[in-house]
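A quick write-up on the structure given underneath.
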């Protein structure tokens with residue numbers, strides 16, 4: 001967060017709402033980059049991949065109703081969303097594990113467009129240490145403490161094989177990192193002070209297969225699901 | 001699904017429950033592979049990264065209570081979970097976009113351990129077409145129809161850059177693929193008959209940052225969040 005204008009996001013929003021607001025903010029950032037100044041709820045809903053009624057309901061919670069026939073002001077709506085879910089601006093992101101997944105994350109446009117900065121990469125493989133990916137040096141995990149400027153504000157992304165994930169998590173928490181995003185399909189034992197999210201890609205496929213079987217079994221023809229429903 | 005023993009999963013489970021049951025099944029599969037025959041709820045909760053009370057509640061919905069002092073029978077619990085959320089066995093998965101993310105997904109242990117099979121890879125880059133990744137040939141997207149055996153049962157994973165995602169989705173749906181997992185941080189316009197899930201990695205970071213700011217602002221020291229809470 002910007003230290004001159006500290007923004008504390010609004011507490012108590014359910015994850016599903018935060019997820020959708022984050023998606024709206026991502027879509028608005030993309031539209032802003034393309035030069036859009038106003039947008040209708042229908043256009044924003046389409047860009048965000050949600051239904052327009054859900055979008056209008058979510059935005060009305062922010063006290064944002066748009067102007068009939070004109071739509072929403074892109075800059076003001078971005079400001080409002082920022083106020084509600086907080087701006088990740090200046091939040092440093094480090095990625096541990098620079099295999100295919102780690103490399104995909106370094107390049108991920110959704111990180112930079114939301115204001116996150118990848119600041120350092122780490123890998124256990126001595127052949128990778130000292131090389132660069134997209135301008136970022138790969139460090140040895142042993143050098144974690146010396147590389148991190150502000151561990152408490154740093155998001156640590158675990159993109160290692162599952163077998164290494166717990167050790168890496170312990171290492172990160174030991175260095176003061178309080179916020180982890182793990183792609184390892186294993187549970188992590190962590191102190192309760194640490195904020196964690198897991199992205200389990202196998203589970204995503206299984207949820208999808210469940211819905212597909214349901215829709216085939218029931219003859220339901222309309223089912224569009226969102227990861228955060 | 002196996003055509004000799006068709007299993008229709010139980011309808012009406014909320015996404016969050018399906019997600020957790022899928023995580024339990026993944027953890028049980030890993031434990032089974034390691035030779036475990038029984039497991040306590042505490043051990044399974046730790047392996048799945050959820051709290052034990054949540055696990056016991058979820059499993060009691062399945063009518064599964066375990067045996068005091070012995071725990072759950074691993075094989076029977078796998079069978080029960082399979083009955084409830086359906087088995088993805090034999091569901092073919094194709095991946096479109098063989099960059100770093102696509103390559104990471106080909107190798108993803110969570111897919112094969114859950115019974116999904118990656119059957120084909122596709123890319124728009126003619127320099128990649130005809131080459132192999134982990135024993136899978138990369139095909140041109142033009143050859144989609146001729147490569148797919150059973151499009152309606154196929155899960156199409158979109159791992160392309162965001163700008164290409166809509167065109168790829170249209171192409172997949174046109175070929176009869178009814179089930180998509182998209183990593184593109186853009187909304188997709190699709191017919192309502194198509195089942196879709198989006199994994200938006202930028203949103204995951206933003207939700208994490210929201211929780212972190214909340215926990216720092218409130219002095220809350222305990223906050224462990226799950227992607228599907």
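Every residue, even glycine, has its Cβ placed from backbone N, Cα and C.
According to TrEMBL, the DNA-binding region annotation covers A:23-62. Sequence annotations record features per position, and here TrEMBL assigns NAD(+) binding site to A:97, A:98, A:99, A:100, A:101, A:102. Here TrEMBL flags A:86-187 as domain 'CoA-binding'.
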Hey, which of the binding-site residues A:97, A:99, A:102 is the loneliest by Cβ count within 10 Å?
A:99
Taking the Cβ of residue A:98 (NAD(+) binding site) as the centre, how many other Cβ atoms fall within a 10 Å radius?
24
Return the residues near residue A:101 (NAD(+) binding site), defined as same-chain residues 6+ apart in sequence whose C-beta is under 8 angstroms from its C-beta, sorted by sequence, else 'none'.
A:159, A:183
Non-local residues, at least 6 beyond the ends, that sit with Cβ under 8 Å of the DNA-binding region (A:23-62):
17, 70-75, 77-78, 80-82, 84-85, 110, 113-114, 226
Measure from the Cβ of residue A:100 (NAD(+) binding site) and count the other Cβ atoms within 10 Å, all protein chains considered.
20
Segment-level pLDDT (mean, integer) for the domain 'CoA-binding' (A:86-187):
89
